[in-house]
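Reviewing the structure listed below.
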Amino acid sequence: MDSKQGLLENLESERLISSALGQPDCLHHADDNSVELVSGCGCLGSIWKKFEGLWCVLRGVAIQAYEMGRSDPRKVVFSAKLGLALALISLLIFWKEPFPDISEHYVWAILTVVVVFEFSIGATFSKGFNRALGTLSAGGLALAMAEFAHLCEQAGEPWDEVVIVISIFTIGSLATFAKLYPTWKAYEYGFRVFTLTYCYIMASGYRTNVFIDTAISRFLLIALGAGVSLLVNVCIYPIWAGEDLHNLVVKNFYGVANSLEGCINQYLDCVEYKRIPSKILTYQAHEDRLYSGYRSAVESTSQEEALLGFAIWEPPHGAYKMNNYPWRNFVKVSGALRHCSFMVMALHGCILSEIQAPADRRRVFQNELQRVGTAGAIVLRELGNKVKKMEKLGSRNILDEVLKAAEDLQKKVDQKSYLLVDSNCWEIGKPPIELHDPQDFLTIEDPHRYHAYHSYSETLLDLGKSKTPESESTNLPFEDTNGQHKSLTRQFSYKPERMVIQDEADTYNSASVLSLVTFTSLLIEFVARLGNLVVAFEELSEIASFKAPPIEGKMEEEICGMWTKLWRYIKPRRRNKNMLV
């Protein structure tokens, strides 16, 4: 009994230790079946973990798909439209009479639907046109070469195979070289279809000796697939590339405006990044609102070019009822906006830089900087609203306020210019050295170069060096306003290591003050670039025939007229009641 009791206590203690270490109880059994139990438990655990991992992956994919469909329901509609087009074209499988060749080669119609059916109407038209043009031209050329090969065969010479091989090599090489030509980039897909169709007709026609039937059946099936794609895509919830281009330009206006305001506010609030995100340093997508605003405008070039290539294929629709709608002018306006966003990017770079201007210097120009930033953002948002509503500018100059604010900022900079330089580098007097060679001006070192205050305002700011116990005073002569020489006590430290540290501090102070000058000049340059943006918008509004802006006076009259009519309807009744009383 004692031995059994001791054995049970040992097993219990091992079980407690194993549970404390996170190990399962099945790992500690004294019988011979413990190894099998442990291995079985381990296999089931690993399989269960794999199922859990797979379930987590599937769940994450489902959540992402749901969020994508919720953010842009057009993607769900587009997927359903493609499925409907494939279902309609698959009915050719059951079409046995009167054209059996169509039911045999229906796969070309299905391939056409898959390839031609694009997200936007313009892309579908572009792909359909390229595919039809490539098929027609390749079919005609293949029939001509097939006839030439047939004539060679009738002449008694076995040159038909050679003609077919040489023609395939020549046509394939020329078509591939042609699609690399820059101006023919829009027809690249057409050249691919041309090469594929030509090779298919020549190869299959040589085997069956029915070149004409092969070309006609392929063209009919491609035309049928393209027709079904266009019909479904246009008639069911059409998605226009022109509208996407329009909305993208408007979005960029708002994004740059938000970034401009964010830069001004952060700079005046002396916001410093403790650690700059690596994605910003490598110019990658980041969730920072200030950064993403101007980055989306800068990075939208390729997207705008793609949408422009599809929008020019779209017929007049909706608010864009003009033939040959000036979509290129939308891209031109976006380019002018991008030119302004480069300045916003530079302003953000001033915030991210290691050398920052002192807070007291920033507060001196705070009101003027804030006014310019706010006025510039208002101009961008107003232009964005005009582009969105497709309205022309009013009689009032939209740049009046921002130009006045920039002029006031420039005047403030001129008045407070002594704050934007390092006074310790100012020179007084002329070196008493006679220079005969002009090259000496580049190599001269003046041992008697003195530094002093030039203005009373600088003296009030106390920009000089503070006294230290280990420094000696030296009287430096300077000339006052009356022409009399006086002495100014300056402090000089004669320890070499202190001179090195002081030089580094002076260099940093000078660079920090210049960073404020850089920020101010970039903001003024941004205002100057707004003029080009307004000119581009006015050109777009004239060519696209934007509607005239509502007149404020007429709107007020209409509003007052409505209330006046209501008041006139109620007021006489009250007067009649008073008269009866």
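Heads up, the Cβ atoms here are built off N, Cα and C, so glycines get one too.
TrEMBL annotations:
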TRANSMEM  76-94  transmembrane segment
TRANSMEM  106-125  transmembrane segment
TRANSMEM  162-182  transmembrane segment
TRANSMEM  189-207  transmembrane segment
TRANSMEM  219-240  transmembrane segment
Checking distant contacts: for the transmembrane segment (219-240), what same-chain residues at least six beyond its ends satisfy Cβ-Cβ under 8 A?
74, 77-78, 81, 84-85, 88-89, 92, 102, 105-106, 108-113, 116-122, 124-125, 128, 131-132, 135-136, 139, 311, 314, 317-318
Range from 106-125, 162-182, 189-207 with the greatest count of C-beta pairs under 8 A to the transmembrane segment (76-94):
106-125
Cβ under 8 Å to the transmembrane segment (162-182), counting only same-chain residues 6 or more beyond its ends: which ones?
141, 145, 148-149, 152, 188, 191-192, 194-195, 198-199, 202, 206
